[in-house]
Structure formats: C-alpha cells, structure tokens
C-alpha cells in the first residue's frame, strides 16, 4: 500500500473480547501479510504482554502504550501517542500492510479519531445483558463492524441470542454485525473477510512474516 498500512481500531468495554479478537486476527493474517499491533492500557502493558505470550506475532511487532487516566483521549481527542507508535512501526517495518489499534477499556461513547483509524470494529459482550444494543452509543452504532462476542454464553446468562442479534442489527442502520464466540473461533473468518474486503488488503498465501 503506497499510503501506508491499513489502520484498524478495535474498541469496546472492558472484558468484551478486544484482545481475543486482536489475537485471532493476528493468528489468521500474520502468516499472510506484514502486520503489527498497538495496545492501549491505562497504566500497564498487560494486553501487549498477553499478545506476546500468545506468540501470534514477534514481540517487536507489538507496541503497548500507556494512556493514563482517560483511555478514550488517546484514540480520539489526542491520538499523538498512537500516531507516534504507528510511525515507529512503519520505520521498523516498511512493508507493513496492517496495524491493529486496540483501545483501552472504554464505554459505549468512545470512538476512534478518523486521523487514527481507517476502519473501526466495536466489540460487545453477550454476558453484559440483553439491553446493550439498545443503549446505542456511537461506537456501537457507527463503527464499521460490530462484533457481538460470547454468544455461546447466552443461555447461561438469560439472554435471548436471536433478540440480541435483532436489536444489534436494528441499532446499526444496515452496517454489518458478526455474532461471535471468539475464544472458540466462531465469527473470526467473517471479521477477517471484512478487513480484506473493506480494507483492500491483499494477503499472500500463507508464509511467515517473522521479521
């Protein structure tokens, strides 16, 4: 890509499955294109360390930024800390095709600055309750892709999965929704296909981009 890598923002509340989604995308695409990940944590680099332990990417392709008290500021009002991390990764890996930017745990109102992300994915958690899609925050309503995660838990938490999906789709004005159980791999292929199609990615047949 002549204009630099595709930048994909991944947002959603704490515990919804952002790091799991990041890991699964890396597992699917890292062997097929040059990619890197930036995680935003409030005071630690816990998410970056979790991705390193999962060994889905070499550690030098993972950057953890510490955002301080307001994680949404680092993805929206003042994205400089993330833009600097992207610039570092671009310098280190000039062939970079894709950068995933995982936001710190945020609420339904947090969104990514267009300056930072070309595409945005928002993750919500079935276990958070039946009414989550009706709360209609901008991340949920206006992200390019909504992932409703942990659908396998619906029967255990008293959630009607079909109604949850209907409400999620109703809140999206035609934008795509993926019903997923990311830990079990359900929904991952749809997310990857979305990134390839909407992001103009051209993954090679599987090979290693280790360095």
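If you go along the chain as it appears here, the first residue is 1 and each next one adds 1.
Cβ atoms here come from the backbone N, Cα and C positions, even for glycine.
Note that the structure is a prediction, hence the values are computed from the model and not measured.
Marked as GTP binding site by Swiss-Prot on the basis of sequence analysis: 12, 13, 14, 15, 16, 17, 18, 19.
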*Counting all other Cβ atoms within 10 Å across every protein chain shown, which of the binding-site residues 13, 15 scores highest?*
13
*asked:* Comparing the binding-site residues 14, 16, which residue's C-beta has the most other C-beta atoms within 10 angstroms in this structure?
replied: 16
*asked:* Residues other than 12, 13, 14, 15, 16, 17, 18, 19 within 8 Å, Cβ to Cβ centroid, of the GTP site?
replied: 105, 123, 125, 149
*Around residue 12 (GTP binding site), how many other C-beta atoms are within 10 angstroms of its C-beta?*
28
*asked:* These are the binding-site residues: 17, 18, 19. Which one scores highest on other Cβ atoms within 10 Å?
replied: 18
